[in-house]
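For reference, the structure is listed below as structure tokens.
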Amino acid sequence: MLLLSLPLLLNPFQMIAQVFMVVEVPHHCDTSWIRAVGPNLTEEEQLNLTLPRGADGEFEQCSMYSPVDWDLDSIMAYGLNDTQKCSSGWVYPSEPPPSLLTEFDLVCDRAVLNNVSQSIYMAGLLIGAMIFGILSDRIGRRPVLLICILIQSVFGLGIAFVPHFYVYTAFRCVVAAAVSGIMITVVSLATEWVGVSYRPKAVLIAHTAFAIGQMMVAGLSYGIRNWRLLEITGSAPMFALFFYIWVLPESARWLVTKGRIEEAKKPLELSSPQKPLSIPTGDGVLKLKPEQDVKSGSFLDLFRKKDLRKVTLIMLCVWFADSIVFYGLSLSVTNFGLDIYLTQLAFGAVELPARISCIFLLEWFGRKKVQGILLLLAGLMCLILTGIPEDQPTAITVLAIIGKLTATATFSTSYVYAAELFPTIVRQTGVGLCSTMARVAGILAPLIIPLDQYHRSIPMAIFGSIPVVVSLFCILLPETQGVDLADDTGKDQP
């Protein structure tokens with residue numbers, strides 16, 4: 001379980017770090033054109049002649065006076081009146097460390113590229129969930145995890161050396177696919193390697209590493225302001241996980257469902273304190289099947305049987321709601337009014353109690369109640385935020401942190417719940433499909449945030465209303481607490 005937690009310790013960097021690479025800094029249009037007629041102008045004189053001022057008396061950041069072919073005396077005598085958008089790029093007077101914003105000019109009309117890039121990253125998560133979920137059920141959990149670690153390592157480090165923002169976005173999409181594959185594979189391995197009573201603990205121990213990783217992102221981003229150096233520091237450690245090739249075992253449960261009984265015995269014997277290990281063939285931990293009875297699962301199996309179809313459709317909605325509120329709050333960290341590094345540190349810190357408390361909540365109250373109530377609370381926190389005045393940043397941040405806590409807890413619950421609801425032969429496919437729906441929400445979240453330009457409450461109203469409605473669907477789900485995992489779709493669902 002500790003080994004499986006290591007990739008999730010590093011994954012938050014890829015998911016969140018861009019927020020700190022595009023921090024807003026003062027800027028204005030590049031108006032060096034006037035130097036051709038007035039080479040001796042001071043910087044202040046140049047700006048006064050070429051930049052309009054806003055209502056607050058400050059220079060406009062996204063507009064300039066249109067260049068003219070007059071001489072300097074005429075410009076100073078009559079002044080310039082016609083304005084236009086920046087045509088020669090931007091200048092950053094404060095000379096901040098290199099960031100995505102300053103290096104690729106993600107300001108004014110180009111600022112939308114930041115949100116588009118985040119949405120494309122989420123699309124990569126979707127692609128990874130679709131591809132690696134199905135692939136893992138076909139070729140195994142271990143090879144898929146190793147492939148994803150390789151992809152994330154190579155392309156993650158490659159991001160630090162890209163020459164253009166569009167290449168950066170493309171590389172991030174590939175990394176996102178690998179991140180998604182790692183997350184769903186780790187959940188399946190953690191679920192399938194332990195008994196009934198340890199399933200929540202196994203999954204949530206790995207998720208706790210994700211929370212610690214979020215706090216590490218805040219520290220790294222605060223200490224390293226050069227975005228390329230930050231990317232190297234956050235991506236390079238993934239190469240160290242190549243030692244998994246020698247130490248990571250395959251899921252014995254998956255091997256059994258594929259009829260590879262002898263292969264399944266080897267990792268089981270390594271984990272057993274007694275040798276030789278007698279693997280039960282009756283109603284014990286594993287029910288071994290002869291080769292001719294082995295079944296293969298497919299995507300369509302999730303919708304063929306009524307009970308499994310109902311579970312699949314509801315869990316798709318639950319994961320969508322989980323993701324929309326989780327990423328909506330995570331990506332809005334710059335909009336809450338307080339220091340973004342402290343806010344992110346708090347966001348990561350509250351995930352620790354959120355994920356650890358789930359271990360006890362799931363054991364005390366069961367999966368269904370916890371899933372529904374936490375989803376409801378996360379939505380309500382966002383809806384309450386819509387009524388808090390903008391001049392109360394502390395209250396807004398506190399409510400956002402509470403919302404992040406409940407959103408984290410409901411997402412963790414969904415991973416445990418989904419892994420228990422889907423049979424082994426389609427578990428990765430089912431969790432991957434749910435993850436795909438979560439990534440659809442993740443794609444939409446960065447595009448919903450800019451709606452605050454029409455009214456500041458619109459994004460939080462959307463992020464809050466969806467989980468409130470979906471929480472009601474949880475009433476229709478079956479309880480899986482203390483129930484043995486189903487191995488194939490032929491077994492009645494719990």
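Using N, Cα and C of the backbone, Cβ positions are placed for all residues, glycine too.
Nobody curates TrEMBL annotations by hand; they come from automatic prediction.
Database features, via TrEMBL:
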- 74-482: domain 'Major facilitator superfamily (MFS) profile' (DOMAIN)
- 1-17: signal peptide (SIGNAL)
- 119-136: transmembrane segment (TRANSMEM)
- 143-163: transmembrane segment (TRANSMEM)
- 169-190: transmembrane segment (TRANSMEM)
- 202-224: transmembrane segment (TRANSMEM)
- 236-256: transmembrane segment (TRANSMEM)
- 311-329: transmembrane segment (TRANSMEM)
- 341-365: transmembrane segment (TRANSMEM)
- 372-389: transmembrane segment (TRANSMEM)
- 395-418: transmembrane segment (TRANSMEM)
- 430-451: transmembrane segment (TRANSMEM)
- 457-477: transmembrane segment (TRANSMEM)
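Segment contact is absent for the transmembrane segment (119-136) and the transmembrane segment (202-224), given fewer than three CB pairs below 8 angstroms at sequence separation of 6 or more. The stretch in 143-163, 169-190, 236-256, 430-451, 457-477 that contributes the largest number of Cβ pairs under 8 Å to the transmembrane segment (311-329) is 430-451. Nonlocal intrachain contacts for the transmembrane segment (372-389), taken as residues 6+ away from its ends with a CB within less than 8 angstroms of a stretch CB, comprise 318, 321-322, 325, 328-329, 395-396, 399-400, 402-403, 406-407, 409-410, 413, 457, 460-461, 463-472, 474-475. Sequence-distant contacts of the transmembrane segment (202-224) (same chain, at least 6 residues past either end, Cβ-Cβ under 8 Å): 1-2, 4-6, 8-13, 16-17, 20-21, 186-187, 190-191, 193-194, 230, 233-234, 341-342, 344-345, 347-349, 351-352, 354-356, 358-359, 408, 412, 415-416, 419.
A Cβ distance under 8 Å defines the sequence-distant neighbours of the transmembrane segment (169-190), meaning residues of its chain 6+ beyond its ends; these are 1, 4-5, 7-8, 11, 14-15, 18, 116-117, 120-129, 131-133, 136, 141-142, 144-145, 147-149, 151-152, 155-156, 158-159, 162, 199, 202-203, 205-206, 251, 254, 415, 419, 427-428, 431-432, 435, 439.
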